[in-house]
Amino acid sequence: MAALQGSTMTVDAPGREDLSFAPQEAGDAISWRALADVLSAIAAVQEPRAVMKLVCRAGCALVGADGASFILREGDFCHYAEQEGLGPLWQGLRFTLRECLAGSVLAEGVPAIIPDVRRDDRAALYHMTGVESLMMIPLGAGLQPEPRLGTIGIYWACKREPTEAEIHACELLAQAAARTLTNITEIATLRDSEAKLRLVLETGRFGIFELDGATRALDASPIYKDHYGRDPHLPFTYADMISTIHPLDRHDLVTGLDRATMEGVIFDQEYRLVTADGDLRRLHVHAHPIRDARGRSTRLVGASLDITERYQAECILQANERRMQLAQDAALVGTWEWDMTTHDVVCSPEQSRLFGHEPIMRTLSEADFFASVHRDDRDMLKAAFGAMPRSGGFECEYRIVQPDDDIRWVVGRGRVLHDAEGLQTRLIGIMMDVTERHRAEEILRASEDRYRNLVESLPLLVWTCRPNADCDYLSPQWIAYTGRSADELLGLNWLEYVHPDDRERAEEHWRGARDDKHPYHIDYRLRRHDGVYRWFKTRGTPVRDMDGRIIYWIKTCTDIEDLVVAREYVARHQYELEHLVAERTIELADINAQLKEEINERSKVQAQLAQAQRIEAIGQVTSGVAHDFNNLLTVILGNLDLLEKSVIDPVRGDPKTKRRLDNMRMAGERGAKLTGQLLAFSRRQRLQPKPIDLNEAALAVKELLQGALGGSVLLEWNPKPDLWLALADLTQIELVLLNLAINARDAMQAGGTLIIETANVILPYKSDRQMGEPVAAGEYVVLAVTDSGCGMSESVKARVFEPFFTTKPIGKGSGLGLPQVYGFATQSGGGVTIDTQEGVGTTVKVYLPRAMTPVMGYEGIHPAPVENGHAQRCKPITILLVDDDNAVREVAANILTDLGYAVIEAGSGSAALERLEEMPQIDLLLVDFAMPGMNGVELARVVRERLPNLPILFVTGYADLAEIKNVGEDRIVQKPFERQGLAAKVSYVLERGADTHVYPARDNNISLARGRM
């Protein structure tokens, strides 16, 4: 280190005493001894910053300067790295070589001596400083080669021109600084190289050894010892090394070492060794001989590398190459290599075979290679090859033509390879035969076209959707139905087109099909492009992957709008039959195992069928008896009306006679009620089904039920919110509730509870349907009555629907309550189930079909009774009365005559036609429906052809026949009738006139020809 102490300069040099000398005054001779000491001190410094600082201070002292700077060249810049004393305050700053004086000095390689900086343009940067004159010496000036490391600047605060000696002294100082900085850099580089070499050896696990050729003394590095499985800290001799070598490789190793040491040749061998742990390792050893002054080889110095893993990898690679070659042969994959210099193509055996040649390695010219390519694909392939130098690779499909003119489709892939300098030298690639794939794709494409045409020709909406219900394919029929484009529909959730009332049910059924893995079959309504909803039957099947996860759904929608409308009026036997056929088809595989079970089931079904047939037979007999009994009751009640009228005045004075007549009327009315119950059981009563709200209907009779139950029974009412509408006769609901409530009351003790509930129910198909259950699967509205009574036994439950069967004491029940409920439910298209347990109670559920249409208002017929209303006219009204039963006809005629009407009687349809021919001026036709020969409807149709304005009124004991099921209640008189009811109906029909009803034909041959009108 150098430091200015007063007027003396002291130099600290490692290993020497401090050197001191007085600074030069301007014009003094140079102290060459002091210069020599400074140069020695500079050479001993080992840190660049100390060199620069020492040079700056020594330069000021040697020439008596006011300041100095050490400027380093850094690329295109001058860096003022160090300064001393007076000088520009630029330490740490950088200037470009063009604007800096140091830059011009470095460019010219000669010192710049400027006695007056203000007169020299090269020193323009110094004009604003305290420097008046300067000297800029390049580092290393005069050295060969000249290291242009930077410059030394010497500055004076006054104008002064340095002497030749001063210039020379500063050049020597600059040369010493350049040498020292160069040496420091080279030493640092050498140390860095040694460190890197050591790191490389350690990282690469290279072992170093030296072997004396005469004494066989071995000096080995720790890694070398580790290669042999020895402790790196223990001695390792030549004998130890030889003993570790594999016996099969030992002789070659010793021979090679002897030859290398004696003859001075390079030793390079791979050999195996067995470590102390028994591991088999493989080493690669490379050694050079070291010669003495006389040129004799005395030692070997070399390195070892454990190549066990590399050797194993090479073995695996070779095996993989063999397997790859076999795979290429099996997969019809050939390889080729294209020399971009010679344009020769080396083809693998499989590549040659693909070209139709012998499967051997073959070299082809560029022309021969492209000659095998189909002429229509040749330009495309050449363009792909030509673009490879820019794109780095290619992939395309093209055809090749074999010598026998067989055309094969192949896939070609290739990429560019570069040499060590990065130049493109080769193209490598593969060729794979995909002819069979192309043929399969053509077959698949034809199959897809065939099935697409099939789908588009079906009268169905066909579509697919993802697991999240988003549509991804829609047939043209679906697009036409919705009126929206495919782009608008794709990605939408299919539930958006389902009717809001059906959406929850459809989605729930869809989730069930997804989770339980059963087919998706459901009916719901879809919105058309005009906003109208139509009923569709939807079937869906999920497509699953190997793990059972759903990939997508395939669904079809069939328009069943007409079928659904018809389903409200007809039984659902078709659905049951289709489901039964499908179920039996599925069960065919298990038919042998289920044979015994089916035999037992058949016996059970036969027993149930016999029971159903017995009840049906009873119903037919009952309906016939009820019809005949209605005729008798008509005669009794009609004559009773006439008798009361004829003896009305005497009765007033005789209470006993009036009471007897009242008792006779009550007995007749009870008989009429009994025939009504019989007709209800036999499903012969006339019903007027309409969409009704069961909640409202049940609530309307709640007080009536409470009165019938008495105060000892608790009545609970649990209506279901959002209850569907039921398709049923509202007038029968009250009778059903009364019958069930009275039965429940009689089965309970005081303090019992009666619960009335409503519910929406969807019944699936069941193959083991029991007696009393709904006749088919479908959607129903359920009215349930539950009591806490004594319950029923199985034997009693099996007979509860039989007419006149009762467990009540004599006189307490007719045995027609539950049969009446059963008949009403089944006639309405539903059914009844009974769930009972002895000692617990009974639940009776009445299933009524769900109405698919909104509630429609209906005004009941309430004709006011009219006594002689029309008989007061000037011209009497003539009524043609037709009935085959003489007693009934006589009673009706007497009542009508008593009401003031003119009555013409006929005992058959043909007789009525004769009367019309004789007296065509008839005001009303009153005809019985059930007559032998021509019935009432047939007669009405014949009369309507001739007299379309003639009012017609039917009389019937039961009305289950299709001919009059659509005739309004205002045009029918139910037997047994009384005077007041008959009078009201006759008066009502006469006031309204003829209706527009068209009577269906049962026999097309019936016409006016059957009478002589």
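Glycine too: its Cβ is placed from the backbone N, Cα and C atoms.
According to TrEMBL, the protein has these features:
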DOMAIN    267-319  domain 'PAC'
DOMAIN    394-446  domain 'PAC'
DOMAIN    447-517  domain 'PAS'
DOMAIN    520-572  domain 'PAC'
COILED    588-615  coiled coil
DOMAIN    624-852  domain 'Histidine kinase'
DOMAIN    878-990  domain 'Response regulatory'
MOD_RES   ASP928  4-aspartylphosphate
Spatial neighbours, same chain, of the residue listed as '4-aspartylphosphate' - Cβ under 8 Å, 6+ residues apart: VAL882, ASP883, ASP884, ASP885, VAL888, GLY936, PHE954, VAL955, THR956
Within the domain 'PAC' (520-572), residues counted as helix, strand or coil by DSSP: 7 helix, 30 strand, 16 coil
Helix, strand and coil residues within the domain 'Response regulatory' (878-990) as assigned by DSSP: 52 helix, 23 strand, 38 coil
For the domain 'PAC' (394-446), the mean pLDDT of the predicted model: 84
DSSP-derived helix, strand and coil totals, residue by residue, for the domain 'PAS' (447-517): 43 helix, 12 strand, 16 coil
